[in-house]
Amino acid sequence: MRFGRLLLLAVLLAGVSQLPAVSGRKKGEKPGGCPPDDGPCLLSVPDQCTDDSQCPSTMKCCPRACFRQCIPRVSVKLGSCPVDQLHCLSPTKHLCHQDSNCSGKKRCCPTACGRDCRDPVKE
C-alpha cells in the first residue's frame, strides 16, 4: 500500500513539473528585463544572441539599436508602461533610466520627451 502511494505521488509530481511557468515568461527566458537603449544605430553588426539561453548566467539577450546582445539584466516592476499620446515639442533629459530609479510601484517609462517615472497600468 505504501509503495502505491509513493508511486502516485511520483506521477503527480512529474506531471506538475511539465506545466508551463505561471510567470508568463517564455521557455528559456530569464527573469528581469533589458535596460533601455537610446542610441542610434551607428554600425550594423550581426546579432550576438537570439534568446536568453545563449547568454551567461545573469545576462539577457537584449535588443540594442540595430542588433541583439547579451547584457546584464535589470529588475523590472509589475505592470506595463502607459502609452504616451503626446508629441514632444522640447525634448528633455531622462528623469530615470530603469525601474529601480523610481519610487514605490512606479516604472521608468518612455514618454514623448524622454523617460519618466509613471504609475503602471495593469496588464
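Placement of Cβ uses the backbone N, Cα and C atoms for every residue, glycine included.
Taken from Swiss-Prot, the feature signal peptide covers 1-24.
Marked as domain 'WAP 1' by Swiss-Prot: 27-74.
Residue density at C62 (disulfide bond): 21 other Cβ atoms are found within 10 A of its Cβ, drawing on all protein chains shown. According to Swiss-Prot, the feature disulfide bond maps to C34-C62 (among others), an assignment based on sequence analysis.
Feature annotation from Swiss-Prot assigns disulfide bond to C41-C66 (among others); the stated evidence is sequence analysis. Around C41 (disulfide bond), the same-chain residues six or more apart in sequence whose CB sits under 8 Å from its CB are A65, C66, listed in sequence order.
In sequence order, C55, C61, R68, Q69, C70 are the residues near C49 (disulfide bond), counting only same-chain partners six or more apart with C-beta under 8 A. Under the DSSP three-state reduction, C49 (disulfide bond) is assigned to coil, being neither helix nor strand. Annotation source Swiss-Prot lists disulfide bond at C49-C61 (among others).
What Swiss-Prot lists as disulfide bond is C55-C70 (among others). Around the Cβ of C55 (disulfide bond), the number of neighbouring Cβ atoms within 10 Å comes to 20. Secondary structure from DSSP puts C55 (disulfide bond) in coil.
Here Swiss-Prot flags 75-121 as domain 'WAP 2', drawing on sequence analysis. The average pLDDT for the domain 'WAP 2' (75-121) in the predicted structure is 88.
Per Swiss-Prot, the feature disulfide bond maps to C81-C109 (among others); the stated evidence is sequence analysis. When other Cβ atoms within 10 Å of the Cβ of C109 (disulfide bond) are tallied across all protein chains shown, the result is 22.
Sequence annotations record features per position, and here Swiss-Prot assigns disulfide bond to C88-C113 (among others). Under the DSSP three-state reduction, C88 (disulfide bond) is assigned to coil, being neither helix nor strand. For C88 (disulfide bond), the same-chain residues lying six or more positions away in sequence with a CB closer than 8 A to its CB are T111, A112, C113, G114.
In the three-state DSSP scheme, C96 (disulfide bond) falls into the coil class. Taken from Swiss-Prot, the feature disulfide bond applies to C96-C108 (among others).
Residues or ranges marked as disulfide bond in Swiss-Prot (evidence: sequence analysis): C102-C117 (among others). All protein chains considered, the CB of C102 (disulfide bond) has 21 other CB atoms within 10 Å.
In this structure the alpha carbons, written CA, of C109 (disulfide bond) and C117 (disulfide bond) are 6 Å apart.
In three-state terms derived from DSSP, C117 (disulfide bond) belongs to an extended strand segment.
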